[in-house]
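**Student:** Sharing a structure here in structure tokens format.
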Amino acid sequence: MSASIEITNVTKRYGALTVLDDVSLSIEAGEFVVFLGPSGCGKSTLLRMIAGLEDVTAGTIAVGGERVDTLPPGKRGVAMVFQSYALYPHMTVAQNMSFGLENIGMAKAEIGRRVEQAAATLEIAHLLDRKPAKLSGGQRQRVAIGRAIVKEPKAFLFDEPLSNLDAALRGRTRLELAQLHARLGSTMIFVTHDQVEAMTLADRIVIMHDRKIEQIGTPMEIYQRPASRFVAGFVGSPAMNFVPVKGVNENGGTLRIETCGLGDVAAAIRLPARFSPEGGCLGIRAEDVTVLPAGEAGIPLKADVVERLGDRTLIYGQLADGTKLAAETDGRSEARSGDTLQIALDTSALHLFDAAGIAHHAGGD
Amino acid sequence: MAESYRRSQWSNGLFVLPYLAVFLVLLVFPLVWGAWLSLHKVDLFGPGRFVGLANYGRVLADPVFLQALRNTVVFVLVSVPSLVALGLFLALALNKTTRATSFLRALFFSSSVLSVTIVTLIWRFVFIPGDGLLAVISEQLGIAPVNFLSTSGWSLFSVGVATVWWCLGLPMMLFLAALQQIPSDLYEAAALDNAGPWRVLTRVTLPSIARTIMLVTIIQIVMQFQLFGQAQLMTNGGPNGTSRPLVMYIYEVGFVRWDVGKAAAASEFLFLIILVAAMAQYLVSTRKSEVSE
Ligand SMILES: Nc1ncnc2c1ncn2[C@@H]1O[C@H](COP(=O)(O)OP(=O)(O)OP(=O)(O)O)[C@@H](O)[C@H]1O
Ligand SMILES: [Mg+2]
């Protein structure tokens with residue numbers, strides 16, 4: 001039932017505007033893949049091209065080994081859940097779910113069986129005779145998912161399906177989607193610009209930016225070993241700290257990185273021979289910056305804003321030369337804005353970016 | 001606070017006053033006066049004599065009235081569905097934004113802005129025997145030409161063709177406006193649901209514009225029952241009154257034969273018919289939309 005998806009050298013242009021430029025991606029059968037990226041980066045466009053709602057300017061798309069980019073949407077064996085749900089307003093919930101099956105001439109009994117089963121799974125059996133206008137947002141969402149499930153598609157495509165739900169419902173639906181994926185084992189592609197959704201749902205995340213795929217990886221790879229400065233800054237909250245680099249000296253496996261603000265930092269980063277520090281920067285996440293207990297000497301950080309989140313405290317401050325830096329410490333911290341704190345860096349979690357944004361990580365390349 | 005609030009309510013009412021005055025003087029007053037006239041024997045020279053419902057009896061017993069009533073009902077039954085169907089067809093065909101469709105929309109709508117005189121002139125050129133367009137064509141094809149404007153049956157048909165051509169713009173525009181309100185993702189969902197063009201039309205498009213279809217039907221029923229100018233100018237009701245509509249009957253009785261009371265009674269009948277037709281449509285449509293939501 002589930003199928004692999006192969007996207008090969010796909011380009012999309014609207015007139016002179018190139019939205020996707022030579023994108024390739026291969027998704028395994030049964031995988032849950034999330035497209036993550038800032039607004040307007042082409043996530044929906046790529047998803048809609050898989051669904052057949054947009055033409056492919058160049059390149060090919062195959063589902064389950066069969067080339068589909070020339071087929072009409074209904075013949076590709078994929079089902080899509082729209083952000084707006086796109087339920088047919090004049091049909092009941094049951095009719096909404098059976099419409100697609102009737103269109104392919106499926107037997108009435110089989111349609112009834114599938115609709116009932118999906119309704120039971122999604123706990124919407126009591127809503128089958130209602131029209132969409134008489135449903136809550138969360139219920140509509142379930143119907144939209146139900147309409148996809150009954151088709152038993154080779155792949156599910158979701159375009160920001162949770163963005164119209166309130167925070168509590170979004171969290172719950174997210175969990176249910178994960179369970180649904182575990183039970184059905186279908187290939188799923190999920191578009192979002194919400195990092196939490198991406199991190200929690202995905203087997204692999206596809207980070208898209210500026211007409212390209214920036215990185216493909218598991219949530220942990222994306223978080224711990226971002227391929228570029230863009231990914232590093234986009235994933236994680238608060239965003240990764242970036243400190244400008246003045247120069248690097250390599251001696252005997254460790255690297256001495258001269259920075260503005262943090263002084264000289266030693267890190268076990270292996271650099272390629274032609275690495276140039278010009279325009280580069282050092283990246284470190286707030287949780288890898290430790291606030292030292294009073295009396296210990298480290299790097300001074302003048303706190304500007306202190307955010308208390310209960311379980312942890314975020315401190316946004318300035319280094320001696322004015323470079324901004326965020327640090328995370330535990331929830332009982334008594335730091336107040338205006339204080340000058342002493343900090344230390346976890347040098348095993350440093351990232352070095354060159355001027356082009358290419359990343360080099362501590363403890364690897 | 002309360003005082004100024006009350007005062008402001010009064011002054012709000014003042015804004016409605018001009019329209020209210022016009023409404024009373026030009027609509028309610030004639031309606032009441034018409035009803036009053038229909039109960040009297042009046043001519044234009046003297047005050048009337050109260051005759052009760054006698055005028056209504058005379059109207060109902062008048063074979064010319066019954067013929068005009070039948071003509072009008074037939075006319076409405078044919079022209080209104082034609083207008084709705086053709087308007088819908090054109091709207092569906094032109095529901096894309098290209099230069100060609102914009103031009104065609106404007107073209108089809110342009111007939112609506114013409115006055116009835118010009119419309120009838122144009123269609124007389126088409127239907128007139130001898131030099132008319134249809135006469136010339138049928139001559140070329142070797143078919144015996146039909147005298148459209150003075151053959152019983154054909155004359156009302158010709159008036160209908162001219163009317164549909166004249167009135168088509170408004171239904172088309174209303175349908176286009178309604179079609180553009182349908183969210184495009186419904187069509188995308190239907191495409192993913194394997195729906196063919198016919199299923200899309202009947203299960204997505206038409207249900208979405210059902211209210212507009214009702215609205216257009218009511219508007220057209222009300223308008224087409226008042227057919228007058230085209231019939232007057234194209235066929236003058238002939239031959240033998242077979243294309244005479246109700247309004248023309250009222251006009252002839254009231255202003256040619258000066259039997260104002262009888263004309264007023266006939267007007268009341270027309271008013272009642274239009275009212276009932278419109279109300280029936282309205283009731284059907286509200287019941288339907290309640291079921292559908
Ligand atoms: N029909 C179109 N014609 C021209 N440009 C378009 C069209 N559709 C989308 N675009 C452009 O393509 C780019 C990508 O759009 P897309 O909808 O895929 O973004 P997205 O990543 O889904 O963003 P969001 O997170 O806001 O939904 C945008 O810059 C958009 O302006
Ligand atoms: Mg989008």
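One-based numbering along the chain as shown.
Positions of Cβ are set from backbone N, Cα and C atoms, glycine also.
Since this is a predicted model, take the numbers as computed values, not measurements.
What TrEMBL records for this protein is below:
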DOMAIN    B:69-281  domain 'ABC transmembrane type-1'
TRANSMEM  B:12-36  transmembrane segment
TRANSMEM  B:73-94  transmembrane segment
TRANSMEM  B:106-126  transmembrane segment
TRANSMEM  B:154-179  transmembrane segment
TRANSMEM  B:200-223  transmembrane segment
TRANSMEM  B:263-284  transmembrane segment
**Student:** Cβ under 8 Å, sequence separation of at least 6 from the ends of the transmembrane segment (B:200-223): give me the contacting residues as numbers and ranges.
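**Tutor:** Residues 76, 79-80, 83-84, 87-88, 92, 167, 170-171, 174-175, 177-179, 181-182, 186-187, 190, 274, 277-278, 281-282, 284-285, 288-289, 292.
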**Student:** For the transmembrane segment (B:12-36), name the stretch out of B:73-94, B:106-126, B:154-179, B:263-284 with the most CB-CB pairs under 8 Å.
**Tutor:** B:263-284
**Student:** Determine which residues of the chain contact the transmembrane segment (B:263-284) at the Cβ level, with the cut-off under 8 Å and only residues 6 or more beyond its ends counted.
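**Tutor:** Sequence-distant neighbours of the transmembrane segment (B:263-284): 31, 34-35, 37-38, 42, 55-56, 58-59, 65, 69, 76, 214, 217-218, 221-222, 225-226, 246-247, 249-251, 253-255.
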